[in-house]
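Going by Swiss-Prot, these are the annotated features:
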type	residues	note
BINDING	29-57, Arg99, Asn138	NAD(+) binding site
BINDING	Arg106, Asn138, Arg169, Thr248	substrate binding site
ACT_SITE	His193	active site, proton acceptor
Amino acid sequence: MSTLKEKLITQIASERTIPNSKVTVVGVGQVGMACAISILGKRLGDELALVDVWEDKLKGEMMDLQHGSLFLQTHKIVADKDYAVTANSKIVVVTAGVRQQEGESRLNLVQRNVNVFKFIIPQIIKYSPDCTILVVSNPVDILTYVTWKLSGLPKHRVIGSGCNLDSARFRYLMSEKLGIHPSSCHGWILGEHGDSSVAVWSGVNVAGVSLQELNPAMGTDRDSEKWKEVHKQVVESAYEVIKLKGYTNWAIGLSVADLLETMMKNLCRVHPVSTMVKGMYGIENEVFLSLPCVLSASGLTSVINQKLKDDEVAQLRSSADTLWSIQKDLKDL
């Protein structure tokens, strides 16, 4: 006897079983779910997989998103603690890890998170050997290095979200000061995502007009307009948000979706993301820092050779030294 479905539908061909543009988010905490909803909102994949060790929350988040399927363009949303659910992912976003506490620097998080990655990364590679991994967990630059070492992937397929959000915060704060939309305020934060980041004042511009040419003291202690405070606000903003609401999630989720859009759509846009910088700007160690990078469907395909002033290069090297001082002591990688 025919079922209702068989009476309703005449099948012509078998459905494709392997997704074209599957995205996995590892970790369904505040950041992971902000990434997930931002990715869904941009219609970036034909399948979204969620994975975590917290089974009840994982199932609840999956069901909550599935119930909103009518309003989304990603028709398949799956979740499981078993990494088999992530198979055939094009991009894997890693947000898992222990949460940053109020007043805790990102670098203090490192050893607690390394052990988590020793389990996660091999599982990702087992089921999606051809994927690109985007690391979001903090401290993101060191954990991107850890991911690169554990995964065995080429460096262009291991990317850290890096200073994409720092630069967005910088441009927002510029826009508030100038009364111009952030998209028209151009500036770059490079180096470590966090306390030793570098503001490239020499490149800050609006419509091609160098702001440092208009105000040569910009970014220095001599500046009466105190532009240096803008970078200080960028560095402190995450701590401020954590103090107020307990965590950050929405801005990083939107930032991650921005990066995925560039890669999934092969847009070849330039983003300040974390990549292996050994041999660049006189940096001698294998550290990951943010530089302006071209992202495409292949991952991170090239780095823009930004002309930096001597003091900016010195700050970048100092940022590298800060990371290496911790990274060199990591074991079992």
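Cβ atoms are placed via backbone N, Cα and C, with glycine included.
Of all the recorded positions in the list Asn138, Arg169, His193, Thr248, the shortest Cα-Cα distance to Ile37 (NAD(+) binding site) is found for Thr248.
Straight-line distance linking the Cα atoms of Asn138 (substrate binding site) and Gly29 (NAD(+) binding site), rounded to a whole number, equals 13 Å. Taking Cα separation as the measure, Gly45 (NAD(+) binding site) is nearest to Thr248 of the recorded positions Arg169, His193, Thr248. Each of the binding-site residues Asn138, Thr248 was scored by the other Cβ atoms within 10 Å of its Cβ; the lowest score goes to Thr248. Neighbour counts of Cβ atoms within 10 Å were compared across the binding-site residues Gly29, Gly41; the minimum falls on Gly41. Neighbour counts were taken as the number of other C-beta atoms within 10 angstroms of each residue's C-beta; across the binding-site residues Ile37, Ala49, Val53, the minimum falls on Val53.
Under the DSSP three-state reduction, Ile37 (NAD(+) binding site) is assigned to helix. In the structure shown, the C-beta of His193 has more C-beta neighbours within 10 angstroms than that of any other entry among the recorded positions Lys57, Arg169, His193. Summarising the environment of Met33 (NAD(+) binding site), the number of other Cβ atoms within 10 Å of its Cβ, over all protein chains shown, is 20. The distance from the Cα of Val53 (NAD(+) binding site) to the Cα of Thr248 (substrate binding site) comes to 21 Å. Cα distances from Gly41 (NAD(+) binding site) to the recorded positions Arg169, His193, Thr248 are smallest for Thr248. When secondary structure is read from DSSP and collapsed to three states, Lys57 (NAD(+) binding site) falls in the helix class.
Counting only the Cα atoms, the space from Met33 (NAD(+) binding site) to Thr248 (substrate binding site) is about 12 angstrom.
Checking each of the recorded positions Arg169, His193, Thr248 against Gly29 (NAD(+) binding site) by C-alpha distance, the shortest gap belongs to Thr248.
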